[in-house]
Amino acid sequence: MRGAVQVFIMLLLATVSDCAVITGACERDVQCGAGTCCAISLWLRGLRLCTPLGREGEECHPGSHKIPFFRKRQHHTCPCSPSLLCSRFPDGRYRCSQDLKNVNF
């Protein structure tokens with residue numbers, strides 16, 4: 001009987017609530033903290049989230065390097081951290097790296 005009551009309460013809560021609380025949602029970079037940017041979510045279409053700046057080896061977009069960017073960012077990745085640059089690798093992908101001379105291919 002107790003299990004049936006718990007299931008009933010769970011079903012009631014699921015049908016009553018039709019929204020979710022998402023923390024870190026943003027529209028522009030200025031709404032995010034230091035070391036982050038407002039990037040498009042990979043999972044939820046139309047949602048932008050405060051995302052950490054790219055670390056070494058992470059994918060980046062070569063045209064997305066300005067922080068803060070005052071319009072809506074059009075990429076799912078943030079620019080690289082200040083000490084890194086967005087470099088094209090032999091596989092055709094762009095990644096954050098320290099220096100092209102020191103990259104091991």
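Just so it is clear, glycine is given a Cβ too, placed from its N, Cα and C backbone atoms.
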Candidate cysteine (C78, C80) that Swiss-Prot pairs with C96 in a disulfide: C80
Selected from C32, C37, C38: Swiss-Prot disulphide partner of C78: C37
All-chain count of other Cβ atoms within 10 Å of C78 (disulfide bond): 27
Nearest-integer angstrom distance between the alpha carbons (Cα) of C38 (disulfide bond) and C32 (disulfide bond): 7
Distance check against C86 (disulfide bond) for the disulfide-bonded residues C26, C32, C80, keeping those with Cα within 10 Å: C80
Same-chain residues at least 6 apart in sequence whose Cβ lies under 8 Å from C32 (disulfide bond): G24, C26, C38, C50, T51
